[in-house]
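This report concerns only the one structure given below.
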Amino acid sequence: MSEEEKLLKEAKKLPWEDRLGHKNWKVRNEANVDLASVCDSITDPKDPRLRDFGHLFRKTVADSNAPVQEKALDALIAFLRAADSDAGRYAKEVCDAIAAKCLTGRPKTVQKAQEAFLLWVELEAVDVFLDTLEKAIKNKVAKAVVPAVDVMFQALSEFGSKVIPPKRILKMLPELFDHQDQNVRASAKGVTLQLCQWIGKDPVKSILFEKMRDTMKKELEAELASVSGTAKPTRKIRSEQDKEPEAEASSDVVGDGPSEEPVADAPPEIDEYDLMDPVDILTPLEKSGFWDGVKATKWSERKEAVAKLTELASTKKIAPGDFSEICRTLKKLITDVNLAVAVEAIQAIGNLARGLRAHFSASSRFMLPVLLEKLKEKKPTVAEALTQTLQTMYKAGCLNLVDFIEDVRTAVKNKVPLVRSLTLNWLTFCLETSNKALILKAHKEYVPLCMECLNDGTPEVRDAAFSALAAIAKSVGMRPLERSLEKLDDVRRKKLSEMIASSSGGESAGASSVTVQSSVGSTATGNSEATFVRKSAASMLSGKRLAISAPVSKKAATGKAGGSKKDGAVRNESSKSVEPPEDVEPAEMGLEEIENRLGSLVKPETISQLKSSVWKERLEATLSLKEEIEGLQELDKSVEILVRLLCAVPGWNEKNVQVQQQVIEIITHISSTATKFPKKCVVLCITGTSERVADIKTRASAMKCLTAFCEAVGPGFVFERLFKIMKEHKNPKVLSEGLLWMVSAVDDFGVSLLKLKDLIDFCKDVGLQSSTAATRNATIKLLGALHKFVGPDIKGFLNDVKPALLSALDTEYEKNPFEGTVAPKRVVKTSVAASTSAGGLDSLPREDISSKITPNLLKGFESPDWKMRLESIEAVNKILEEANKRIQPTGTGELFGGLRGRLLDSNKNLVMQTLTTIGGVASAMGPTVEKASKGILADVLKCLGDNKKHMREGTLAALDLWLGAVHLDKMIPYIIITLTDGKMGAEGRKDLFDWLTKQLAGLSDFADAIHLLKPASTAMMDKSADVRKAAEGCISEILRVSGQETIEKNLKDIQGPALALVLEKVRPGFVQEPFESSKSMAGPMSKGVSKVSKSTSNGTLKQGNRRALPAKGSRPDQITSVHDIAIQSQSLLNTKDSNKDERERVVVRRIKFEELRPEQIQDLEIDMMKFFREDLQKRLLSPDFKKQVDGLEILQKALPSLSKEIIEVLDILLRWFVLQFCKSNTTCLLKVLEFLPELFNTLKDEEYSLTEAEAAIFLPCLAEKLGHNIEKVREKMRELMKQIIHAYSVAKTYPYILEGLRSKNNRTRIECADLIGYLLETCGTEISGLLKYLNMVASLTAERDGELRKAALNTMATGYKILGDDIWRYVGKLTDAQKSMLDEKFKWKFREMEKRREGRPGEARAALRRSVRENGPEVAEQSGDLSQNVPGPLFPRQTYGIPEQILERNPVPRTIAGVNGPTDWNEALDIIMFGSPEQSVEGMKVVCHELAQASNDPEESAIDELVKDADGLVSCLANKVAKTFDVSLMGASSRSCKYVLNTLMQTFQNKKLAHAVKEGTLESLITELLLWLLDERVPRMEDGSQLLKALNVLMLKILDNADRTSSFVVLISLLRPLDPSRWPSPATAEVYAVRNQKFSDLVVKCLIKLTKLLQSTIYEVDLDRLLQSIHVYLQDLGMEEIRRRAGADDKPLRMVKTVLHELVKLRGAAIKGHLSLVPIDMRPQPIILAYIDLNLETLAAARMLTSTGPVGQTHWSDSTGNNPSPPANSADVQLKQELGAIFKKIGDKQTSTIGLYDLYHITKSYPKVDIFSQLQNASEAFRTYIRDGLAQVEKNAAAGRTPSSLPLSTPPPSSLALTSPDIPSLSPLDAKPLMNTKSESYADDIRASNINPGTLDAIRERMRTMQLASSGTLESVSKPLMPTNENISMNQQSIPPSQMEPEIPQPHPMVLPMDEKALSGLQARMERLKGGSLDHPM
């Protein structure tokens, strides 16, 4: 045996998956062949092997080897032929694989792929097929598109439009018409022609032609001309093929009779309306001015407005919307005085009705009376328009015969004959176009109406009435007219009969012709096993059409076993003649006629005795009649006449009970004995019988008779007739006793033959609404009997019943529990049962909701607005509610498609809603959801992959609902795919295994569970321990329900740890043990077993005890203890999925306490279940207070070790404490008050402060409950509140205590008043807002309660002790009596203080203020009062930036400060410098006042006086910023923070004061502000957001008004890392690194802001000083560090380079003249010089710089000292060049202003140069422009205005700009030297020669002037500023201020951006930097 043969032989032993995925192609090929043969051998479509094979094909058909792929397609075809529609679950993946891999292969492969597609269609996977083709036609390879179009064509031609929806194909075709490949276009034409044969040419033209090119239209028109006839399907789907033998047999038996089968097989009539896309007309109508037009006074304008509506509404399908206002307007316009407007309005109504159809029904009924009234108009145009509109409204389905009965009745009584006749004509039209069922429902109303009109005096009305009656007779026959005809005279009766005969004759002729025509055609049916003939869509085109041969059916040859029996049964059934529907309405028959028909059947003596007035004779006659009837041999022929005889004599009015009983017994005998008892006999008897039921004497016989009727004709018919009788009968006993009989009938016959909806509606609307108690009780019993058969679903139909009745019904349901399928005690005769539509087990009606699934609803699913998508989902829920949560699957395909899309929604809340809705739809649809849902379950299961717990819980809830609708075996394939999906997360797999374990635990036997064994075994090797545990538990349940034999057969698929587990479990007797034990235990015992099995399988017990299960006699408490052990091994608090921020976001922050609402308690319970261990949450939520105490003890013990977890769930705990405070149990409350102090101590140890949400949860309740009626509880609460005050914040706790003063409980108010006194005494008066609320306490002195008054007075006395007499300012308005009480209390307090030697009231406060002013804070701290105010910062922080001379100065105040605050500037500065934060506020008030007054001084003399103190003031305030913020962070008010920031803001708003601030002070202030801007604690402070905003605004104001040079120097120095001690709070090294990064980013933003303005402020900056700071920064870094940072994209370094580049760009080569403070002769050369050279070279290369010296020069010392002087005319050349550039600027509209300013400076520098002599070649206009411009510039310069502030009003004449004017050479005597020969010898030459600074400045000024022509907007060399993680590690250096004299500011030109923005990459980067990165500091 060769190696290859060995390999193939060994491979056959492998599982299918391994064989089909083998690396050897021959193994795969042979596996596909074997798989095909196995599928061919399967005859049962339910064979379990098919389910195992289904998922294999998605990989095999995509095989890379072509022969293997072909064999795989053969195997797939064999599989599809053997399978049934259940295989559709695999369709999507397999079809996608075929479309991707098979349509571009060999011709044979393509053919087989197409055959496989058609087989999927045959298996009803049409939607998947079309979805796949939709993707396939978008393939870029035309070779793959043509087969896809061909298979679409073939599917349509074989299965027809009933299976393949044309709408989907119509949407795909426009894309194909525009395809670049001609074969694709030809195929598209073929599909179009095929569509025309199915749905007609007109719909195809109207939908497609508007989307085609003209050429394509012409070609298709030519092809359409040759298309004729209609197509018929040649192939059926699999479910219809099973019905083929029945259809053939019935057609054979019927023979020559009228056959209905061909008509049924004809293609369904396609409504073009359904194929169209709706068009929105409301939006264009609004834009067209419709509403203004219809209100116009001119009729022509009104007509035009309505005509626009008519035009818009002429579209074939209008999108639904709110047309109510339009209809109201049209209703008014119908009666418009101008008939043209009225006609237009009527036509518009018709168009709206045609386009909206059912959506226009309400509006149609609204306008119908006006339209009918308008028929009185005699104008032909109006009448024609009305007729057309009315007919359109009815044809479109807007109106119903039943709906407009009253409108027609009113119209036919109109006094105008024309209205009556035309109304009847329209009624005739409606009757002729209506179906029979509708006319049957309405004819009783219309026949009397028309009969009445036959007597009308107008001939037209009479003729119209005749026509209407003829139309009724034509539709429903003559019977409805029989009685009415008797009332007519002979002439009219004859005329009506002739009209009816003529109309019915025409109808019969038409019917016969249809029959003959339809009998000619025959329907050819094919199936999947017919020989596949590949058809091309292009073959439909002219010249290419193929003759389609009828497919050969192999159905008979390959029929499955048992087919012959089925065929025989079908033939026997179909051999019976098809009978017409039975006529149930009995005609009237007199007694004489009855006697004549009886003949000799009954003795004449008997009949005469029945007529006798003597009851004994009548009784004797009935007895003898009974004997005669019992002796009859052929009773069936005489049933009706005998029943009629008894109904006539003695009749149902017989008074004698005995005679009545005999009559009932005779009728009972006849109905039970006769083979067929006609329904009309039941109708004759049922009224009398129901009345006899109400009589107690005849009740038993009558009930027996009704039961016999049910056996004869079925209970459905009897019930239906009884409903009307019982409802309308005057005797209430008829209703109550009839209902009781119905109870017994339901019990006897079940509900399978009843119309349950009608029965339930009757019970709800009649029985339960009755005022008679007996009737209601009988109805409740009947509904209870129904519950026994249909189950709890009946409750959904009774939701709107009164609560009392619902309670009674629930009691009745408990008496009649649901029994499922129950065999009926009595049976109905076979013939009746066969003809009755049975409800089956699922007999409760299901509603068809397809009409409610509107395009609008489906469109809403795809809306970009999440609210619209949510509305669509909620609309589906509403539809389910309206249908009583019982729906049919009809038309729900698109609904599931829309819901599937929402499962992938980006809004997770919508996904949750969708999951709930899908579960609801599944529950409402029942078992049919499995097929109707199109595999949506797979998408539902994918949601388990979400990492959010609530999302997975929602998915599992949807699975539970799905499981309630279908059996678990239908879900297993989807679950297997999900479990093997690699994208599924560990949490999702764990949850799914747990869910499976739970479901399997409730089953005793489930063979399909074995399919789960392999994925569960694989999960046993998962890296997640939770998944492994869950899989182990699931395997245990799988083994239990699968059985040992099944397990052993599947052991080969199991590997790894699972194999050992399975082998252990399959030991003899083990598998059945859990099941037996669970069966032997009852009630809670079985639950305990299941819990133990779960816990053991999850691995919580030891390995040795894993198999241990409780014995049969084990006790429940032992099981519970094992369960408790498993629970207690878990963590007490599970905060893994906790989202505290989300919970706190929904907390309502109220100061006032409100009792917990039920929904809040429910939310609390849910949260506790999520995050608390099971035993803990059960104890805490238990109603037993002892268990609650136990739970608290558990928490108390664990408190030290669980502090972090408790903080995470603190809000939940506080809510639970609030709940306990609201309860009345003292024991539990005391335990809570024992636990809370420990809890807050723990929080203090963790340095945790309550959040605002947590405070809002707990503090309102605590403040309200302070007044508990038990003293011990009050004491504990008081201490707890004091503890919280110190731990949380005095300022934030205070409002809750104040709210307690408003409580209705006096004890609470007393406690809160005492607490305010405590706050005053311990925390001082500096608590913000405390003093202004003292009036609330003072007002309590007027209360009647003595204790409350006493508490208020004590608190006020405490305030008096601290404030002294100042307290009277805070008490508010009081009565004299209250003031007297307070005065007495204050005097008493004064005496007490004297006794205790505590000084005078308020003295300590005043002394403190004095000591602060005079001696600084040290004395205050020694007094102990300052430290009591507010605790200081937790850690020391070094203070920077305050000059020592300020701290050492000893100010001499001009006046002594009073008690109430400082009185002058110096005293205020002292208070600010040395006082506490709250005390310094008084000083800052004075400073702000002084600053405001000085700012308003027009002479600015006051400002000049304050300038000298500005630096000292800012220094004090900079130091105070840190102190105030530190104190506020400890819980004090943020008032002082606001004052210090406001004072700084007022200082820096004045430029003089801002410029007076020194560089060192500015550095200290800027550092402090930036640090607090970055402090994460500031937002949590009181008014934190306002403080951040104030800091930000202040920083911007400093950058705007402070000295620019100082700002630049300070910010560049701050680019270095800060010393850690400068930060407000300590942290680790990593945190410091992050902080420094953020700080650098903020500094960079500030520098960006200054750099943006550098172009306009460059002359305010000392460039020498700025360049020195840049030089120091670069030198500190060094070249190595610069290179490293450049590679790391360092932001601070890039910012410095950007500043330098901007300077070079603005100053050009003149920048070299500002290096006086840079040591340019040092070696190595300063780094800044290299960067200046680089920038100059780059800018010059970009032609953005006119250099005045050698650009590439690198020698910065005396480079030109030894060179000879340049020639004299070099100055002329340079001036000529400069003037040329200036004139070019003036000629440009954008830079003309700058050019004029440059020219102005030239004229000032060279006054002897005649500028205008150089403009001889220019026009006069240009010279005039320059002359005027120079005059304007001179005025602006004199006023001190810059070029940017006042551009010239008119641009220069563009055509007159000069490029280079002719400038003559200048005389050396007249021209000033442009550049000193020594100008490039910078530092050394200046120091060596005795040149004074003034000379140097003059040289620099001239250099600046020379550079003006060459300066432009140059782009930065640096990269855009991007975030970086690099940090600078250099020490801070102090740079001395510049000693150079300031230059005299002169106006300089502002440089505008150049137009050439794309000169280089450098320019583009600078533009991006300017556009995106230059932001504000925050």
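Numbering starts at 1 and runs along the chain as displayed.
Note: Cβ is positioned from N, Cα and C throughout, glycine not excepted.
Curation does not apply to TrEMBL; its annotations are automatic.
Annotated by TrEMBL as region 'Disordered', the relevant range among 13-50, 849-886, 1837-1874 is 1837-1874.
If one looks beyond the repeat 'HEAT' (446-484) by at least 6 residues along the same chain, the residues whose Cβ comes under 8 Å of a Cβ in the stretch are 401, 405, 408-409, 412, 417-418, 420-422, 424-425, 427-428, 431-432, 434, 436, 439-440, 492, 495-496, 499-500, 503-504, 507, 583, 585, 587. Contact between the domain 'TOG' (274-509) and the domain 'TOG' (842-1075) holds: at least three of their C-beta pairs are under 8 Å, each pair 6 or more apart in sequence.
For the domain 'TOG' (842-1075), the mean pLDDT of the prediction comes to 82. Using the rule of three or more Cβ pairs under 8 Å, pairs at least 6 apart in sequence, the domain 'TOG' (588-822) is not in contact with the domain 'TOG' (1-233).
In terms of DSSP helix, strand and coil, the repeat 'HEAT' (446-484) has 32 helix, 0 strand, 7 coil.
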